[in-house]
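Enquirer: I have a structure here, written as structure tokens, and I will follow up with some questions on it.
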Amino acid sequence: MPIALGLESSANKRIILHTPGNGLQPSTPPSPHDSAHSDDERLYSNPRKTSPPVQILANLRHTFHSPPGTGFLPKDTAAHHRQWVVRLVKQAMKQTNVRIEDIDCICYTKGPGMGAPLAAAALAARMLSQLWNKPLIGVNHCVGHIEMGRSITGADNPVVLYVSGGNTQVIAYSAQRYRIFGEALDIAVGNCLDRFARVLNISNDPAPGYNIEQLAKNGKVLLDLPYAVKGMDVSFSGILARVEELGHRLEQGQPWKDEETGADITAADLCFTLQETVFAMLVEITERAMAHVGASQVLIVGGVGCNERLQDMMGLMASERGGSVYATDERFCIDNGIMIAHAGLLAHGMGFKTPIAESTFTQRFRTDEVLIDWRD
């Protein structure tokens, strides 16, 4: 079985993975509208054109956390990745007893993502490829999310909602491409959530979006926010501007009560309001894409896809259409080396490899630029 080493570093996580390959097999595979878990540095092994399951040999992650109220700077994140990549590779190989000669290819995230962190992974992958004389595979970050989600959940030909800190896209497969039917016209939904978390000084550990989700569970008041949907596209900048204004008002300690109930407005209410609004927009454009392509399945991928409220809202919509929703838990939703190794093995199985001279990275790597020749 082919074995791949996957390096993912498009944002604040350094991830490595080894896999041997007959299909992606987590210990507890998720079912429709279910979840599964995973980490950042992975060893992975994989399929050919039929995309059989892949066995995860190692799945290691180390995340850079910035202080509450701040974002992570590319230069600091890249320094973190450079510091951890070698020790994570060694750890993955040691715990799996995989030798250099056992590895078939080195896979890395070519883009999209933050420039400096992407450069760190490209450099490490290039070094290992030349040092070990292994083929190099540059992988599109979004394609990695999609292929891993399909393999783990068993989703057949779903509409894909890709939601993360840097991307918001509604996607469907056609003619060997993942076609983008709708997307965020300005900032990604995850970026919207992260930036609001800074206003309320919400912790970045384990992730600001996760902490917003937990606070939102205690929210009771739904406030008015802008709602910007056009066709299958969305805009979050106006929503962010308004909710930041409300957040600053709350932080300043001004008296603020709900006009209907007289209850005090809390941080939990703001988190609840933001989630309900942006997720309703995502459900709307996903349903529109399902109707357009005649799909009955939705696959949610990306870090924001871990959010159980988003999964529940999408599940309600899909059930009303007689369809189903597929999602994974944080092991596989958030960025991970498994998805890079898995997609890289798919491409490697079709004879693809990235020449050293082209082993660069790009912050703007569109999902529909990639030829998906391992699918019919």
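Glycine is treated like the rest: Cβ placed from N, Cα and C.
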Enquirer: Pick from D329, D335, D368: which one does TrEMBL list with H141, H145, Y162 for the same divalent metal cation site?
Expert: D335
Enquirer: From the candidates D186, D194, D233, give the one listed by TrEMBL for the same substrate site as Y162, V163, S164, G165, G166, G209, E213, N307.
Expert: D194
Enquirer: Through the lens of DSSP with three states only, how would you label Y162 (divalent metal cation binding site)?
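Expert: Going by the DSSP assignment, Y162 (divalent metal cation binding site) falls within a strand, counted as strand.
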Enquirer: Using the alpha carbons only, what distance in Å do you get between D335 (divalent metal cation binding site) and G166 (substrate binding site) once rounded?
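Expert: So the Cα of G166 (substrate binding site) lies 11 Å away from that of D335 (divalent metal cation binding site).
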Enquirer: If the substrate binders are Y162, V163, S164, G165, G166, D194, G209, E213, N307 per the record, what's the largest distance between their Cα atoms, in Å?
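Expert: Per the listed residues, the maximum Cα distance equals 18 Å.
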Enquirer: What three-state class does DSSP give G209 (substrate binding site)?
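Expert: Where G209 (substrate binding site) sits, the three-state DSSP reduction gives helix.
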Enquirer: Roughly how many Å separate the Cα of H145 (divalent metal cation binding site) from that of N307 (substrate binding site), to the nearest whole number?
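Expert: Here the two Cα atoms are 16 Å apart.
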Enquirer: When you measure from the Cβ of G209 (substrate binding site), how many other Cβ atoms are you left with inside 10 Å?
Expert: 26
